[in-house]
Amino acid sequence: MLDVKLLRNNFEEVKQKLQNRGEDLGEFEKFGELDKRRRTLIVETEALKSQRNEVSQEIAKLKREKQDADAKIEEMRVVGDRIKTLDIELREIDEKLDTILMSIPNIPHESTPVGESEDDNVEIRKWGEVREFDFEPKAHWDLGTDLDILDFENAAKVTGSRFVFYKKLGARLERALINFMMDLHSNEHGYEEMLPPYMVNRASMTGTGQLPKFEEDAFLIEAEDYFLIPTAEVPVTNYHREDILKAEDLPRKYTAFSACFRSEAGSAGRDTRGLIRQHQFNKVELVQFVKPEDSYAALEKLTGCAEEVLRRLELPYRVLSMCTADLGFTAAKKYDLEVWIPSYDSYREISSCSNFESFQARRANIRFRREPGSKPEYVHTLNGSGLALGRTVAAILENYQEADGSVLIPKVLQGYMGGIEKIELPK
């Protein structure tokens, strides 16, 4: 949520920045009109209250002097009724303004590239060499089926499309990746480990920005009004909802493994095969709470933590700075990490690392005090995938495949796999 004072004092500047996002400005313009009416009502109400006070004093004086006060009493009744009417309208406008405010996205940071589509995202750097195969490489869904480590068919029978059973060494590979990522982030990168709830309430989804605008993308348990989490970002960020933190306790850095649940409502027909776009998938998340002046340096470090996972797995990747049109609702600046997937002959997103500035903190009321007794300020929140597990498995299977259909295990994972160096075809 944006600072309402910023909207009121810099309306045209904010409007231009939202235009750079490609936003429909209808609601934003409505905010300006309603806010103008609100200011008019406040001025009128204050004038009427002042008039009421004056009339009240006049009535008291008339009564002390034993004079007829009926006309003044009637005047005060009319003024009072008008104040009540204006107060009702003011409350209704405030409710409408709050609703609109929750639907306005974050303002892009000045360093975010201005663009109209994903084609305008800017490549920052690349790492690793894309492998040249001397045989026809298979897609990960075929490799997983042939190796008997991924079963999409029975998952479709048990649940439906966009689900998978990990089996045998496939399940062990996923578990190895989880342990490797969590160990790296907690032992070397200084993150505190968490295992969060997989269901959250409506206030939590609102706090991180999924609600109210993107409710159709979420899985709702209607009987309880709980949501299955789309990412561990939601419970971990809301861990500090309504908290006032101490300055000396910042930054707070958390890493959390969780299952993630997404309806993929807007993705019909896209990535229908394999692990790239599932309704349920595992992910390791990185979340930070920092002082405002530290958030952009923190974003660079957080992105580096996600990159380190790919480097140790020796998977080729690139980093993109996302343009204003591809920024997402909550971020002021976002980097995407894309890993090379041979079956797509392209890089595919495996992590997003974002600085939300105070956008989420305002929605969730997460603040800190610089000194005891000082006025609380909003923290800046950041998060990043460190990494998405299904896409990491897909990248490993495709990039580490051999001509005989087997798949090598990345060296950094072999200790987590009990020394297994290769997944071979069943005999």
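Heads up, the Cβ atoms here are built off N, Cα and C, so glycines get one too.
If you look up Swiss-Prot, you'll see Thr231, Ala232, Glu233, Glu285, Ser385 marked as L-serine binding site, on the strength of sequence analysis. Applying an 8 A CB threshold to same-chain residues 6+ apart, the list for Glu233 (L-serine binding site) reads Thr208, Glu285, Val287, Asn383.
Under the DSSP three-state reduction, Ser352 (ATP binding site) is assigned to strand. Ser352 (ATP binding site) is surrounded by 20 other CB atoms, counting those within 10 A of its CB over all protein chains shown. Marked as ATP binding site by Swiss-Prot: Arg262, Ser263, Glu264, Glu349, Ile350, Ser351, Ser352.
The separation of Glu264 (ATP binding site) from Ala232 (L-serine binding site), Cα to Cα, is 17 Å. A C-beta separation below 8 Å, combined with a sequence spacing of at least six in one chain, links Ser351 (ATP binding site) to Ala306, Asp336, Leu337, Gly384, Ser385, Gly386, Leu387, Ala388. Long-range Cβ proximity for Glu349 (ATP binding site), meaning a same-chain Cβ under 8 A and a gap of 6 or more residues, is found for Asp336, Leu337, Glu338, Arg391. In the three-state DSSP classification, Thr231 (L-serine binding site) falls within coil. Shown are the binding-site residues Glu264, Glu285; the one with the most C-beta atoms within 10 angstroms of its own C-beta is Glu285.
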